[in-house]
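**Student:** Questions regarding the structure given below will be posed in turn.
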Amino acid sequence: MGSYEAVTEKPATKWVVTCMVGGVIVGVSLLGAYSSQLGMFWKTRRRNKKPVRVYMDGCFDMMHYGHCNALRQARALGDQLIVGVVSDAEIIANKGPPVTPLHERLMMVNAVKWVDEVIPEAPYAITEEFMKKLFDEYKIDYIIHGDDPCVLPDGTDAYAHAKKAGRYKQIKRTEGVSSTDIVGRMLLCVRERSKSDSHNHSSLQRQFSNGHSPKFEPGSPAATASGTRISHFLPTSRRIVQFSNGRGPGPDSRIVYIDGAFDLFHAGHVEILRLARDLGDFLLVGIHTDQTVSTTRGSHRPIMNLHERSLSVLACRYVDEVIIGAPWEVSKDMITTFNISLVVHGTIAENNDFQKEQCNPYAVPISMGIFKLLESPVDITTTTIIKRIVSNHEAYQKRNEKKGESEKRYYEGKGHVSGD
């Protein structure tokens with residue numbers, strides 16, 4: 001009986017197993033087909049999805065890391081960042097004369113790594129007419145600005161129409177720096193000169209230190225004759241990562257090295273960095289320390305401290321990596337460590353007598369045959385920017401006062417006065 005039951009159960013068992021296996025095969029096939037169609041659906045959807053285009057405008061005069069951080073934040077709110085650069089005439093009418101003319105400001109904005117498109121000659125205020133043009137012609141989804149007020153001469157909000165339309169988004173302002181503040185650092189120098197022709201190192205340093213006497217740490221280089229001021233801006237590792245590319249050179253990359261102070265980062269810096277980047281696959285930029293800059297260029301330099309200067313350079317689309325606090329001399333060890341293929345220097349610089357000096361900072365790369373002097377395409381230095389301000393200091397002083405009066409009227413209209 002037992003053997004008979006076993007024999008008679010075999011066909012039934014075989015039939016069940018066959019059905020189960022067949023069902024699994026059919027199920028897997030259907031699941032595979034469904035997954036394939038679902039994958040195609042999402043790919044098509046992503047392909048057809050309209051990119052979010054955001055707009056941010058500004059004067060971007062004497063462009064600094066605060067401007068760059070604002071553009072970085074704006075870009076994070078969309079897929080494409082379109083930047084409007086306000087015309088010279090509009091700046092003069094609303095704020096006073098710009099330090100850097102439109103063509104230089106356009107160079108600066110175009111060089112920022114987070115910018116996709118630039119609109120030149122943008123109006124200072126977002127009018128209904130211009131807002132319509134942004135929405136219809138440039139396909140802008142949102143208009144972005146910082147949480148600091150942008151006030152017209154009559155005390156009204158320049159972004160009132162965008163806010164009313166519900167197409168306005170706000171980002172956090174970068175504290176501790178502004179074009180007005182930078183101009184103010186240099187205007188203090190002019191004020192003190194009018195009082196006395198006698199200047200020592202400490203007084204010169206005071207003129208470039210945010211409007212008040214800097215605090216020095218006992219025994220630090222800043223307390224010595226070099227006069228380098230203590231930074232009031234302290235970057236976090238997170239901020240440096242935000243500005244960095246996050247990638248290193250490939251194993252066969254041609255690494256180009258250029259160094260300098262890069263103080264008051266300007267169009268001359270941008271253009272020489274562009275040329276340097278074209279000579280290789282990876283551009284490494286050395287930023288000299290505050291003490292080095294003070295020693296080589298005078299105790300009133302740098303105007304921007306090491307961390308401020310480093311972030312400005314990192315924001316440039318032509319730069320792959322920076323050495324924060326690079327040595328004055330380019331040594332053999334440094335060339336080996338960073339696998340540098342070429343060291344370059346521009347023809348327009350604050351100090352181009354290095355080849356005549358006994359201690360030439362580029363002696364090693366010159367002896368190795370890997371040094372190249374690049375013809376600077378723009379004749380601008382940090383001294384050029386300072387001279388522009390000093391030569392027209394009365395107009396810039398009025399500009400700073402005018403901004404303060406406009407902001408006061410704005411806050412009074414809101415029912416409170418700024419404590420700034």
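A Cβ is built for glycine as well, from the same backbone N, Cα and C atoms used for every other residue.
From TrEMBL, for reference:
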type: COMPBIAS; residues: 201-212; note: compositional bias 'Polar residues'
type: DOMAIN; residues: 55-184; note: domain 'Cytidyltransferase-like'
type: DOMAIN; residues: 257-387; note: domain 'Cytidyltransferase-like'
type: REGION; residues: 194-227; note: region 'Disordered'
type: REGION; residues: 400-420; note: region 'Disordered'
type: TRANSMEM; residues: 15-42; note: transmembrane segment
**Student:** Give me the mean pLDDT over the domain 'Cytidyltransferase-like' (257-387), rounded to a whole number.
**Tutor:** 93
**Student:** How do the residues of the domain 'Cytidyltransferase-like' (257-387) split into helix, strand and coil according to DSSP?
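**Tutor:** Final tally across the stretch: 45 helix, 29 strand, 57 coil.
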**Student:** Across the domain 'Cytidyltransferase-like' (55-184), what are the DSSP residue counts per state (helix, strand, coil)?
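**Tutor:** Output for the domain 'Cytidyltransferase-like' (55-184) reads 47 helix, 29 strand, 54 coil.
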